[in-house]
Amino acid sequence: MSLVVQKFGGSSVANIERIENVARKVIASREAGHDVVVVVSAMKGETDRLNELAYGAAQNTTPRPREHDLLLSTGETVTIALLTMVLERMGSPARCLTGAQVRILTDSAFSKARIQDIDAESIRGDLGAGRIVVVAGFQGVDENGSITTLGRGGSDTTAVALAAALEADECQIYTDVDGVYTTDPRVVPTARRLEQVTFEEMLELASLGSKVLQIRAVEFAGKYQVPLRVLSSFQDGPGTLITTEGQNMQQGSMEEPLIAGIAFTRDEAKLTMIGVPDTPGVATQILGPVADANIEVDMIVQNISNDGLTDFTFTVNKTEYDRALDILSQQAKVLGAREVFGDSSIGKLSLVGVGMRSHAGVASRMFKALAAEGINIQMISTSEIKISVVTDEKYLELGTRALHKAFELDDRSGKTVSVEGQSD
Ligand code: ADP
Ligand code: ASP
Ligand code: MG
């Protein structure tokens, strides 16, 4: 008998009818002879609703982190109770557990807690007694007994962490699309489902904006070698398997595909300091105070110097934009810089593929395709398996479509993917 962990996201449990659909899938796996641990998210839109309530209560202040997490965690608690009731009604013995009841121990970093340890014993006991175990995603408990949450999309991470702790045979992430696509199929309807994608590529895609899997879930799966698959809750199919490199050879081909996919994000903002003296230590004087304020910096560009002066540009998460701009304005006075300005309406577009390692010319093909659409590139950064560019936010979707075409990623079968409803 094998053990599977199955995770169902918000749109898969959006109402009782859909919860019944989930229950039927879970029971089918059970009847096929598997032990099943189910992880569920809050019902679609519920986490956003709870979040709005928190901000309403806090008015012009930030919601208190401990209470904010406790509040947000309740969305998942509702779903585990409902699914368990439905499973029992359908004749399948089941037991639900919150993160704290399992004892998913996390650190105390509210809203972005990290899992430190999982006590798998009570789950094993229930499985041994023939029950389906239903666990609340996204939540844990710290050593003081406070409820924590794992960051938006965190139920994916709960599922993978449980699969690792239970040494499950597979972790299946059921969602509203039938796998990982070459890009977000809501933006490019001709996007193609990938049979397989490597952990390395998936990690880049997730960190560069593809929200189909939370990045920490991919990290966990890679680290603990958890076989991970993304599938649809609404239609049958093989989905997408996340693999280690080397397993990823396409059938009949000895070569890895050049580009696995395209990710994009609107989550960043750009800050620039103009006319800073080009002397040793200037980068640390600019970025040191930003780091001290716990603001993460992503891309960094320094121009060549002109008359001993240079310009310095970097990006941060949009939520940190105002704070970063304040710090930069302060530092500009210290450094005697000419001017500081920022732009929060930018987008970042990234090509990802392990095949890039052995192929030259990817960047020039990318820049040519963007130029043909009249899209100006503001910043560029590269690593071994990705190239990212910053553009004006309004060109993000046009740029994604142009690159999808230029790199011949379109589905050639002529079929377009149907995605369920709108995302949360
Ligand atoms: P869930 O609520 O099930 O966790 P999410 O909304 O978090 O679902 O993730 C699924 C969504 O991710 C899809 O509806 C799709 O719009 C989006 N997405 C972004 N990039 C991709 C991609 N490369 N492949 C598939 N889906 C993607
Ligand atoms: N409910 C949480 C969210 O909306 C966690 C999750 O769905 O994975 O982000
Ligand atoms: Mg998700």
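Start at 1 and count along the chain as shown; that gives each residue its number.
Note: Cβ is positioned from N, Cα and C throughout, glycine not excepted.
Where the annotation comes from TrEMBL, it is an automatic prediction and has not been curated.
Residues or ranges marked as ATP binding site by TrEMBL: LYS7, PHE8, GLY9, GLY10, THR175, ASP176, TYR181, ARG186, LYS211, VAL212. Around the Cβ of LYS211 (ATP binding site), a 10 Å sphere holds 16 further Cβ atoms from the protein chains shown.
The substrate binding site feature in TrEMBL is assigned to THR47, GLU76. Annotation for GLU76 (substrate binding site): same-chain Cβ neighbours under 8 Å, separated by at least 6 residues, are VAL40, SER41, ALA42, THR98, GLY99, ALA136, GLY137, PHE138, GLN139, SER155. According to DSSP, GLU76 (substrate binding site) is assigned to a helical segment.
Across the domain 'ACT' (271-345), the prediction's mean pLDDT works out to 94. Among the features that TrEMBL reports, domain 'ACT' is placed at 271-345 (among others).
The domain 'ACT' feature in TrEMBL is assigned to 351-424 (among others).
Spacing of TYR181 (ATP binding site) relative to THR47 (substrate binding site) is 25 Å (Cα to Cα, whole number). Less than 6 Å separates the Cβ from ligand 3 in the case of GLY9, drawn from the binding-site residues GLY9, THR47, GLU76 in sequence order.
For the pair LYS211 (ATP binding site) and THR47 (substrate binding site), the C-alpha distance works out to 16 angstrom. In the three-state DSSP scheme, LYS7 (ATP binding site) is classed as strand.
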